[in-house]
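Record features, source TrEMBL:
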- 1-21: signal peptide (SIGNAL)
- 52-177: domain 'Corticotropin-releasing factor binding protein N-terminal' (DOMAIN)
- Cys60-Cys81: disulfide bond (DISULFID)
- Cys104-Cys141: disulfide bond (DISULFID)
- Cys183-Cys205: disulfide bond (DISULFID)
- 185-306: domain 'Corticotropin-releasing factor binding protein C-terminal' (DOMAIN)
- Cys237-Cys264: disulfide bond (DISULFID)
- Cys277-Cys318: disulfide bond (DISULFID)
Amino acid sequence: MPSAFQFQCHLVLIFLAASKGETRYLEVRDAGEDDPFLLLSEDLKRELSAGQIYRRSLRCIDMLSIEGQFTFTADQPQLHCATFFIGEPEELITIRYDFVNIDCQGGDLLKVFDGWILKGEKFPSSLDHPLTTSQRYVDFCESGNIQRSIRSSQNVAMIFFRIQQPGNGFTVTVKKSSNLFPCNVISQTPSGRFTMVIPHQHRNCSFSIIYPVVIKISDLILGHLNGLFLKKPPAGCAGVGDFVELLGGAGLDPSKMFPLADLCHSFHGSAQMKIGCDNTVLRMVSSGKHINRVTFEYHQLDLQETETRKENSIEEFCFPSI
């Protein structure tokens with residue numbers, strides 16, 4: 001069985017394949033010399049524990065979950081490349097340009113995006129991010145030496161680049177810093193536990209799990225009366241001001257996903273739901289009038305669980321795609 005970290009490293013590739021309609025799952029081969037799974041090898045752990053900086057070359061399409069210095073050098077014209085960065089939920093990512101040798105006037109590009117974007121779908125969505133879409137891009141060819149260090153607003157960021165001349169490229173250093181109140185998060189693994197807190201802030205926060213999951217909400221504090229309401233359109237919590245919604249879909253952008261359930265009021269206890277979508281999002285909408293908090297845990301939905309549909313499972317939009 002592939003490990004959780006193997007799934008993590010193939011997360012972007014799964015999205016790329018799904019967006020092309022090719023396959024729902026990818027076969028994971030054994031680790032070889034070029035596999036990203038070597039990031040957590042015993043030798044690397046010892047190297048990092050000794051305080052050394054991890055270094056390696058970048059591929060045209062790559063994903064990184066570790067700090068270090070990374071270099072891309074084109075061996076042929078590379079027109080559509082991207083590197084996806086992901087940290088733990090409580091981490092922000094800083095990308096610093098150490099060296100850049102590209103031909104901006106000749107059509108090369110090098111851009112950092114605050115979040116992830118695939119096939120025009122963004123995470124966080126435009127509704128949930130403090131910056132406009134244009135402000136989320138930092139173009140090296142426009143900013144140059146003015147802005148050589150960019151910090152993300154959440155635990156994911158990415159670089160787009162196009163380099164046409166063999167031998168040209170760039171080097172970046174990636175570091176992570178703590179985020180006391182994580183808001184928008186993409187989970188690295190198909191299982192975990194998380195508490196989202198929004199302290200008197202008027203903002204929306206989404207936690208994205210790119211797997212079909214069983215999600216169990218154990219505590220919700222919104223400053224309202226007790227109660228739990230499953231959404232049956234057109235009813236919902238939009239007029240309440242503070243609520244949590246569960247969303248499901250096959251893409252990356254929460255604003256384009258199916259609304260599956262609304263939780264309008266505080267409760268203590270347990271609400272377990274099965275969501276068979278490619279992507280599951282728990283999204284908290286906060287008016288800023290309260291300290292809102294939700295605690296939940298999740299694990300990947302297996303075949304037996306999809307066949308056993310009962311209790312308060314949410315199935316109507318997502319299970320047909322499995």
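Cβ coordinates are placed from backbone N, Cα and C, and glycine is handled just like the others.
Here the features listed in TrEMBL are painted onto the structure.
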residue: Cys60; record: disulfide bond; contacts (Cβ under 8 Å, 6+ apart): Phe72, Gln78, His80, Cys81
residue: Cys104; record: disulfide bond; contacts (Cβ under 8 Å, 6+ apart): Phe140, Cys141
residue: Cys183; record: disulfide bond; contacts (Cβ under 8 Å, 6+ apart): Pro124, Asp128, Ser153, Gln154, Met196, Ile198, Arg203, Cys205
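The disulfide-bonded residues examined here are Cys81, Cys141, Cys205, Cys237, Cys264; by Cβ neighbour count within 10 Å, the least packed of them is Cys141. Across the domain 'Corticotropin-releasing factor binding protein N-terminal' (52-177), DSSP assigns 10 helix, 67 strand, 49 coil. Here the domain 'Corticotropin-releasing factor binding protein C-terminal' (185-306) has, by DSSP, the following mix of helix, strand and coil residues: 7 helix, 65 strand, 50 coil.
Across the structure, Cys237 (disulfide bond) and Cys277 (disulfide bond) are spaced 22 Å apart at their Cα atoms. The distance from the Cα of Cys264 (disulfide bond) to the Cα of Cys277 (disulfide bond) comes to 23 Å.
For the domain 'Corticotropin-releasing factor binding protein N-terminal' (52-177), the predicted model reports an average pLDDT of 94.
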